[in-house]
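If you look up Swiss-Prot, you'll see 1-266 marked as region 'Amidoligase domain', on the strength of sequence analysis. Under the heading UTP binding site, Swiss-Prot lists SER14, LYS187, THR188, LYS189, PRO190, THR191, GLN192, LYS223, citing sequence analysis as support. Taken from Swiss-Prot, the feature Mg(2+) binding site covers ASP72, GLU140. Feature annotation from Swiss-Prot assigns L-glutamine binding site to GLY352, LEU380, GLY381, MET382, GLN383, GLU403, ARG470. If you look up Swiss-Prot, you'll see CYS379 marked as active site, nucleophile. Residues annotated as active site in Swiss-Prot, with sequence analysis given as evidence: HIS515, GLU517.
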Amino acid sequence: MTTNYIFVTGGVVSSLGKGIAAASLAAILEARGLNVTIMKLDPYINVDPGTMSPIQHGEVFVTEDGAETDLDLGHYERFIRTKMSRRNNFTTGRIYSDVLRKERRGDYLGATVQVIPHITNAIKERIIEGGEGHDVVLVEIGGTVGDIESLPFLEAIRQLAVDIGREHALFMHLTLVPYMAAAGEVKTKPTQHSVKELLSIGIQPDILICRSDRAVPANERAKIALFCNVAEKAVISLKDVDSIYKIPGMLKSQGLDDYICKRFSLDCPEANLAEWEQVIYEEANPAGEVTIGMVGKYIELPDAYKSVIEALKHGGLKNRVTVNIKLIDSQDVETRGVEILKDLDAILIPGGFGYRGVEGKVATARYARENNIPYLGICLGMQVALIEFARNVAGMENANSTEFVPDCKYPVVALITEWRDENGNVEVRTEKSDLGGTMRLGAQMCQLSDESLVRQMYGTPTITERHRHRYEVNNMLLNQIEAAGLRIAGRSGDDQLVEIIEVPNHPWFVACQFHPEFTSTPRDGHPLFAGFVKAASEYQKRQAK
C-alpha cells in the first residue's frame with residue numbers, strides 16, 4: 001500500500017488554525033473511507049511539552065500509549081476516529097536528543113554530525129514511521145514559515161517529497177488574507193509574500209487555504225492563484241465560523257477533498273458528513289442552557305484546559321443544552337471566599353500541579369458537597385475532594401497531600417514510589433526524580449463498583465481511561481475515610497489504586513484520578529461529561545422550584 005502525504009504549513013501570522021484545518025480535512029477524507037492519520041511537528045527545543053507551563057503552551061494532551069503531546073493532537077482525535085500515539089508528535093528537542101544519542105554511541109562512524117543530512121534524515125524517518133499503514137497522512141509543521149526554528153522541518157519535507165515522489169506528496173499552505181476596512185477589500189499581498197518565502201526554501205504549495213474574517217471573493221482567489229502559481233480550484237476560502245465543526249462541510253463544499261483524491265489518484269466514494277451535520281444541528285438547537293464554574297489556576301489561558309472545555313460542550317450536545325463556562329481562579333476563592341461560586345449550576349475542578357490555589361480548590365469542593373451542587377473533580381480535582389472530605393467529614397484535621405505538605409499528619413494523597421513501565425519493569429521514583437516523563441501516563445484499566453453512579457453512566461463494569469499524575473490516594477488511610485461515608489467507585493485493574501470516588505448522599509458528586517476529557521468527542525461525547533451536564537440541568541430545575 002502506498003502512503004500519501006499532505007504537508008500543512010502556515011504563513012503570515014501564527015494561530016491561523018492549521019490544526020483545525022488539518023483535522024477537518026482529515027475528517028472529510030476519513031468520511032470517504034480512507035485510513036487517515038495526522039502528525040504534528042513542533043519546532044521548539046523542549047523534548048516534549050510535559051514540563052512546559054500551561055500558560056505558555058496550553059494543555060498537554062496525553063495519548064493512549066502515554067505520550068505527553070501538543071494540544072493539537074486533541075483536535076485530531078476529536079475530528080477523526082484514529083487514535084494518536086507517541087509517533088504522531090515530536091519536537092526539535094526530541095530529534096536532536098535522538099541524533100546526539102546516536103552520535104555518542106558511534107552510530108555515525110565518526111562523521112561530522114550536521115543539520116543536513118543527519119537532523120533532516122531523522123525527521124524524515126519519523127514521518128515515514130508515523131505514516132505506516134495509512135492511506136493518507138497529514139503532517140502539520142508548527143510555527144510560521146520564515147521562523148528560524150522551522151527550517152530543518154521544512155527542508156526535511158522538501159526532501160521527503162522528492163524521495164517518495166511528487167505524485168504522493170502535496171503541500172497545503174494556510175495563509176492570512178486580511179480585510180482592510182478603509183479600502184473595503186481583502187488584501188492578497190501577505191499571501192503572495194508568504195508563498196514567496198516558501199518558494200525560497202524550495203517548496204511550491206499545491207493548495208492555499210485563505211483564512212479571513214469573511215469569504216474571499218472569487219476574483220481575489222483567482223488573483224492569488226495567478227501570482228502564487230496554484231490552480232484556481234486549489235485556492236480555498238476559509239472564513240471565521242461560530243463552530244469549528246462546520247469547517248469539514250465548508251472545505252468539502254469547495255471541492256478540496258475531490259481535488260486531493262484526484263491528485264493522489266485515489267478512487268473512493270463521496271464523503272458522507274451526516275454525523276457532522278448532526279453535531280451542528282445539536283449545537284444550533286439547544287433546549288436550554290447551564291452555567292458551569294471551572295475552578296483552576298491557569299485560567300488566563302483557556303487553552304490550558306482545552307480538552308475539558310470541549311468535553312463540557314460535548315456533554316451539552318448530548319443533553320441538548322448550551323454550556324456556559326465560567327472560569328474562576330482558585331486563588332480568588334481563597335481571597336474573596338465561596339461567595340464567587342454563587343449562581344453556578346455545577347462545579348468542575350480540573351487537573352493541575354503545585355500548591356498555589358489548592359486551598360481555594362479545597363474550599364470549592366466543600367462548598368459543592370455541602371450545598372448539593374453537582375461536582376466533577378479531575379486528577380487534582382479528585383485529590384482536593386478527598387482532602388476536603390478527610391478534613392471535614394472523617395475528622396482528619398489538616399489532612400493534605402505530600403505534594404503540598406510533605407510531613408503532614410494525615411497524608412491522604414502521597415507519591416507513588418513504585419511504577420511499572422510499558423514493558424512491565426518495576427521502577428522506583430522519588431520526589432527527587434526528573435519531572436519530565438516520570439508520571440503514571442496513558443490508558444489504564446479501571447474496575448467500577450456495582451452500586452456506583454459511574455457504573456450506571458458507563459454501562460460497563462470495566463473502563464479504560466488516560467492518566468497523567470504522580471500522586472495517588474494513600475491506601476493506608478482509606479479505611480477511616482470510607483468509614484465516614486466516602487464511596488470508592490473505581491479501582492485500578494490490579495485493585496491497588498483508587499481511581500474514582502463518590503459522595504453517596506449527594507445528588508452528583510464524582511471525582512476521578514484519570515482525565516476523561518481526553519477521550520470525549522463531539523460525535524460520541526463521554527459518559528461522565530454527559531452525566532455531569534445532565535446533573536447541572538436537574539440542579540437548575542430544582543433551584544427554580
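Positions of Cβ are set from backbone N, Cα and C atoms, glycine also.
Known features from Swiss-Prot, placed on the structure.
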| residue | record | Cβ within 10 Å |
| --- | --- | --- |
| SER14 | UTP binding site | 12 |
| ASP72 | Mg(2+) binding site | 25 |
| LYS187 | UTP binding site | 15 |
| THR191 | UTP binding site | 28 |
| GLN192 | UTP binding site | 16 |
| LYS223 | UTP binding site | 18 |
| GLY352 | L-glutamine binding site | 23 |
| CYS379 | active site, nucleophile | 22 |
| LEU380 | L-glutamine binding site | 26 |
| GLU403 | L-glutamine binding site | 20 |
MET382 (L-glutamine binding site) to PRO190 (UTP binding site): how many Å between their Cα atoms?
49
Candidate with sparsest Cβ neighbourhood (10 Å radius) among LYS189, ARG470, HIS515, the listed recorded positions
LYS189
How long is the line from the C-alpha of GLU517 (active site) to the C-alpha of LYS189 (UTP binding site), rounded to the nearest angstrom?
41
For GLU403 (L-glutamine binding site), name the DSSP secondary structure in the helix/strand/coil scheme.
coil
Take every residue in the region 'Amidoligase domain' (1-266), average their pLDDT values, and give the whole-number result.
95
If you count, for each of the binding-site residues GLU140, PRO190, GLN383, the other Cβ atoms lying within 10 Å of its Cβ, which residue has the minimum?
PRO190
Same chain, |i - j| six or more, Cβ under 8 Å of GLY381 (L-glutamine binding site); the result in sequence order is LEU348, ILE349, PRO350, GLY351, LYS361, ALA365, ALA511
Between any two of SER14, LYS187, THR188, LYS189, PRO190, THR191, GLN192, LYS223, the residues recorded as binding UTP, what is the biggest Cα to Cα distance in Å?
24
Can you list, in sequence order, the residues of the same chain other than GLY352, LEU380, GLY381, MET382, GLN383, GLU403, ARG470 whose CB lies within 8 Å of the CB centroid of the L-glutamine site?
GLY351, PHE353, CYS379, VAL384, SER401, VAL413, HIS469, TYR471
Whole-Å Cα distance, THR188 (UTP binding site) to GLU140 (Mg(2+) binding site), is 23
Find the one among the binding-site residues ASP72, LYS187, PRO190, LYS223 whose C-alpha lies closest to that of CYS379 (active site, nucleophile).
ASP72
Given the binding-site residues GLU140, LEU380, GLU403, ARG470, state which is nearest to GLN192 (UTP binding site) when distance is taken between Cα atoms.
GLU140
